[in-house]
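The following features are taken from Swiss-Prot:
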BINDING   72, 103, 122, 123, 124, 125, 126, 127  S-adenosyl-L-methionine binding site
């Protein structure tokens with residue numbers, strides 16, 4: 001199973017790239033973790049946000065064909081590390097790749113929300129989207145380590 005993190009936004013600060021890559025490189029070969037960056041639509045004072053969201057959503061959905069789609073969204077379901085480890089095992093047994101979607105400044109398009117099979121809430125707080133990349137990478141790595149009895153996760 002391959003895990004794809006599909007996120008709106010490119011040219012992240014160096015600390016975001018380094019933080020994400022620190023956890024990305026730790027994933028096992030049989031579970032590659034890939035970042036796909038979707039260019040953010042141009043926002044300005046008179047920007048058509050609805051159109052921008054629609055374009056970003058189409059690009060995100062085209063990047064995750066035939067994958068299990070999971071959105072990262074505040075109204076989603078919060079998972080403990082143990083619950084995330086169980087989800088990870090269930091996803092592996094499903095036989096499909098997993099696409100985790102992180103929206104841009106205005107969130108996810110209605111099309112992305114409609115296509116999702118699961119919605120995961122990291123926190124009731126609104127988190128900066130660049131930071132979410134690192135939190136998701138670490139959380140998934142921790143869940144993998146728990147499910148494989150790797151010493152990274154300690155209770």
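Heads up, the Cβ atoms here are built off N, Cα and C, so glycines get one too.
Under the DSSP three-state reduction, residue 72 (S-adenosyl-L-methionine binding site) is assigned to strand. Ranked by Cβ neighbours within 10 A across all protein chains shown, the binding-site residues 72, 122, 125 are led by 72.
Cβ-based neighbour count (10 Å, all protein chains) for residue 124 (S-adenosyl-L-methionine binding site) stands at 8.
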